[in-house]
Amino acid sequence: MDYKTYDPDLWNAIAREEERQENNLELIASENVVSKAVMAAQGSILTNKYAEGYPGKRYYGGCEFIDIVENLAIDRAKELFGAKFANVQAHSGSQANTAAYLSLVEPGDTILGMDLSAGGHLTHGSPVNFSGKTYNFVSYGVDPSTEVIDYDVVRILAREHRPKLIVAGASAYSRTIDFKRFREIADEVDAKLMVDMAHIAGLVASGLHPNPVPYADIVTSTTHKTLRGPRGGLILTNSEELAKKVNSSIFPGIQGGPLEHVIAGKAAAFKEALDPSFAEYSQQVIANAQAMTKVFNQAPEARLISGATDNHLLLIEVTGFGLNGKEAEAILDSVNITVNKNSIPFEQLSPFKTSGIRIGTPAITSRGFKEEDAVEVAKLIVQVLKDPENTAVHDEVKAAVAALTKKYPLYN
């Protein structure tokens, strides 16, 4: 029996999700559209194989071809980011961060990381996350007037609290991060430096954002987002000693068997990112985001956090529309534009409502959108948020979205 006929509930849901992605404008900054090669690798026969251990040192037989796949991913990751060592087995960015902490600090140690509401990540010390429960996190944020990182304040906090580790990187921060400054601050207080480049890895690979690898003791990342690979994690270092700790922290520390079909997807994505065309794509991602900023900066109801973007994302306060982030997300979803509600610096609302939304351009750029298309999308967002109860406006925006998705299909 055909598997789709056997399980129609499952395959109908998958078909509807495929339809949603085809007909919606995906503006969630952490999402992208993988290539057919990445998708094929993830759906390959490698999903059948267990391979605990590392290439050449497996606990299972029959891994000779699995070793080739994993070594391809490792070697390509090292070349892509200029690192001496790479671990490609982490199932996610959070798993990568967990392994980094296990390799660098002990439970109860003090760590300096970016506050979640200022743009950090759950794994950078949020009290509801394992990181905040296991380590003594002290948070830094952004300057109230500029909404960018104040490195002088980071230095003051580091001198005051003497952390064993400083974490740089963010999940909702639109400006360039100065990793050299972070390294200097870490050295002043004899701290290690970890960089979580999950959101900007593709831009780093393309030379469009400073590379943290020369400055950090350990760099972690996801392999999706701007890198346009499968959902997974990556850990890089130039230290052989730390590489050994990272490997043992991943296996047997926090994981068992690696997902070799996902690692194959990573290898495929890394090869794509090494091609010169990927740098052109990354440049377009930034150009599209910066084109959108002009629209939001001209709309009096919208407030662009920090006033600009240097990367793929924009953080926008929407309270000027008389809305919170949850409401704005729902309104935009109703016209087939997908964003996520997001806290803003010095947030006054709960994380379930928020004052802002986060917008990213990786997915629409993968579909082929250029600056003029990004401008149109930004104008549609402003149009519907200004008049959320007007059904005529909804219909007009929906029609414009449909025209754009038809012009730029998900897969040509």
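The backbone N, Cα and C atoms fix where each Cβ goes, glycine too.
Here is what Swiss-Prot says about this protein:
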BINDING   LEU116, GLY120, HIS121, LEU122, GLU241, SER350, PRO351, PHE352  (6S)-5,6,7,8-tetrahydrofolate binding site
MOD_RES   LYS225  N6-(pyridoxal phosphate)lysine
SITE      HIS224  site 'Plays an important role in substrate specificity'
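Feature annotations (Swiss-Prot) mapped to structure.
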residue	record	DSSP (3 states)
LEU116	(6S)-5,6,7,8-tetrahydrofolate binding site	helix
HIS121	(6S)-5,6,7,8-tetrahydrofolate binding site	coil
HIS224	site 'Plays an important role in substrate specificity'	coil
GLU241	(6S)-5,6,7,8-tetrahydrofolate binding site	helix
SER350	(6S)-5,6,7,8-tetrahydrofolate binding site	coil
* Listed in sequence order, residues with CB under 8 A of PHE352 ((6S)-5,6,7,8-tetrahydrofolate binding site) and six or more positions away -> LYS326
* To do: Compare all C-alpha positions of LEU116, GLY120, HIS121, LEU122, GLU241, SER350, PRO351, PHE352, the record's (6S)-5,6,7,8-tetrahydrofolate binders, and send over the largest distance in angstrom.
  => 42
* Asked: Around GLU241 ((6S)-5,6,7,8-tetrahydrofolate binding site), how many other C-beta atoms are within 10 angstroms of its C-beta?
  -> 11
* To do: Take the C-alpha atoms of PRO351 ((6S)-5,6,7,8-tetrahydrofolate binding site) and the residue listed as 'N6-(pyridoxal phosphate)lysine' and report the distance between them in angstrom, rounded.
  => 22
* To do: Which residue among the binding-site residues LEU116, LEU122 has the fewest other Cβ atoms within 10 Å of its Cβ, if you could check?
  => LEU122
* Measuring Cα to Cα, how many angstrom lie between the residue listed as 'N6-(pyridoxal phosphate)lysine' and GLU241 ((6S)-5,6,7,8-tetrahydrofolate binding site)? -> 29
* **Same-chain residues at least 6 apart in sequence whose Cβ lies under 8 Å from HIS121 ((6S)-5,6,7,8-tetrahydrofolate binding site)** => GLY93, ASN97, MET114, GLY169, ALA170, SER171, ASP196, ALA198
* **Cβ-based isolation winner (fewest other Cβ atoms within 10 Å) among the binding-site residues GLY120, PRO351** => PRO351
* **Integer Å distance between the CA atoms belonging to HIS224 (site 'Plays an important role in substrate specificity') and LEU122 ((6S)-5,6,7,8-tetrahydrofolate binding site)** => 18
* Nearest to HIS224 (site 'Plays an important role in substrate specificity') by Cα, among LEU116, GLY120, GLU241, SER350 (binding-site residues)? -> GLY120
* Asked: So for LYS225 (N6-(pyridoxal phosphate)lysine), how many other CB atoms are inside 10 Å of its CB?
  -> 28
